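See below for the structure under consideration.
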Amino acid sequence: MMGSEAHDKRPPMLTSSNQDLSPHLADVGQIKHYFCGCCAAFNNVAITYPVQKILFRQQLYGIKTRDAILQLRKDGFRNLYRGILPPLMQKTTTLALMFGLYEDLSRLLRKHVSNAPEFATRSVAALLAGTTEAILTPLERVQTLLQDHKHHDKFTNTYQAFRALRCHGVAEYYRGLVPILFRNGFSNILFFGLRGPIKEHLPTATTNSEHLVNDFICGGVLGAMLGFLSFPVNVVKARIQSQIGGPFQSLPMVFKTIWIERDRKLINLFRGAHLNYHRSLISWGIINATYEFLLKIV
């Protein structure tokens, strides 16, 4: 009887302990999506930044890959990683928000709008996460200025670039916000909506290395597709954000100017898209594989 009583008394003690720990475990579970997104971004930027600089030059000036590489060689190795701080800050924070907010908002919407289709709640969560990411537009703005060789003589680091914009008012930091909002919302909806279905069509993974390969392929395919589809928007964004001061031009107006400058040819508008395709393939492969790997071990 004593053994039976002791056995009967243990469960309440364990239940109480679990109740005390459950809020802390829930906090860790929620934070890990932000942490894993941040680490995935850091890993990606450190590896792919030089390729991003080549791509940026092509988007801004409509030049060939070889000419963009020659520009970077002329700038010297010392300037190769010039301007990496803004994208490092921007990408780590952006991807932390992208993955973390998407999970939090999806959970929140499912809880309060339980009768809505899952696809709808996840799409809204992805759109809201993308909109929130746009708060970090100033970092993307400064990155654009630091990568443009026309501004090399005006400032040499992130702090100086921020100071150069300050005298033009807060709005100057958010020049190019509209194309960023459009790009983020569109890309997030498709990324989170298609990530699961694409992975389901890949061969079944039985080992950790196979899971890593599948996650890389899934992220890479999505990244390449979205990078190609949003390429014209990024071309317009680069042109808008390379300007300091002056009137704020609308997205259609800037697009029309670029379209005329590039002889009204779609192939000229997509100059650099092939490099962007390969960069996005590698970048989002790294991001998705790193994110999913960290989720399993954190």
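Any Cβ shown, glycine's included, is placed from N, Cα and C.
Swiss-Prot lists 28-108 with the feature repeat 'Solcar 1', giving sequence analysis as the kind of evidence.
The feature repeat 'Solcar 2' is assigned by Swiss-Prot to 117-201.
Residues annotated as repeat 'Solcar 3' in Swiss-Prot: 214-297.
Annotation source Swiss-Prot lists transmembrane segment at 34-51 (among others). Within the chain carrying the transmembrane segment (34-51), a Cβ under 8 angstroms from the stretch's Cβ atoms is held by residues 72, 80-81, 84, 87-88, 91-100, 275, 278-279, 282-283, 286-288, 290-291, 294-295, 298, all 6 or more beyond its ends.
Look at Swiss-Prot and you will find 85-105 (among others) tagged as transmembrane segment, backed by sequence analysis.
Panel annotation: around the transmembrane segment (117-136), residues 90, 93-94, 97-98, 101-102, 105-106, 108-110, 177, 180-181, 184-189, 191-193 of the same chain, lying at least six beyond its termini, place a Cβ under 8 Å from a Cβ of the stretch. What Swiss-Prot records for 117-136 (among others) is transmembrane segment.
Marked as transmembrane segment by Swiss-Prot: 180-200 (among others). Only residues 6 or more beyond the boundaries of the transmembrane segment (180-200), in the same chain, are considered here, and those with a CB under 8 A from a CB of the stretch are 98, 102, 119, 122-123, 125-127, 129-131, 133-134, 137, 140, 214-215, 218-219, 221-222, 225-226, 229-230, 233-234, 237, 251, 288.
The transmembrane segment annotation in Swiss-Prot covers 216-236 (among others) and is backed by sequence analysis. Residues 59, 179, 182-183, 186-187, 190-191, 194-195, 198-199, 202, 251, 254-255, 258, 269-270, 272-273, 276-289 of the same chain sit 6 or more residues outside the transmembrane segment (216-236) yet have a Cβ under 8 Å from a Cβ within it.
Taken from Swiss-Prot, the feature transmembrane segment applies to 269-290 (among others).
Within its own chain, the transmembrane segment (269-290) is flanked in space by residues 36, 39-41, 43-44, 47-48, 51-52, 54-55, 58-59, 62-65, 68, 95, 195, 212-213, 215-224, 226-228, 231-232, 234-235, 258-259, 262, which lie at least six positions past its ends and keep a Cβ under 8 Å from the stretch.
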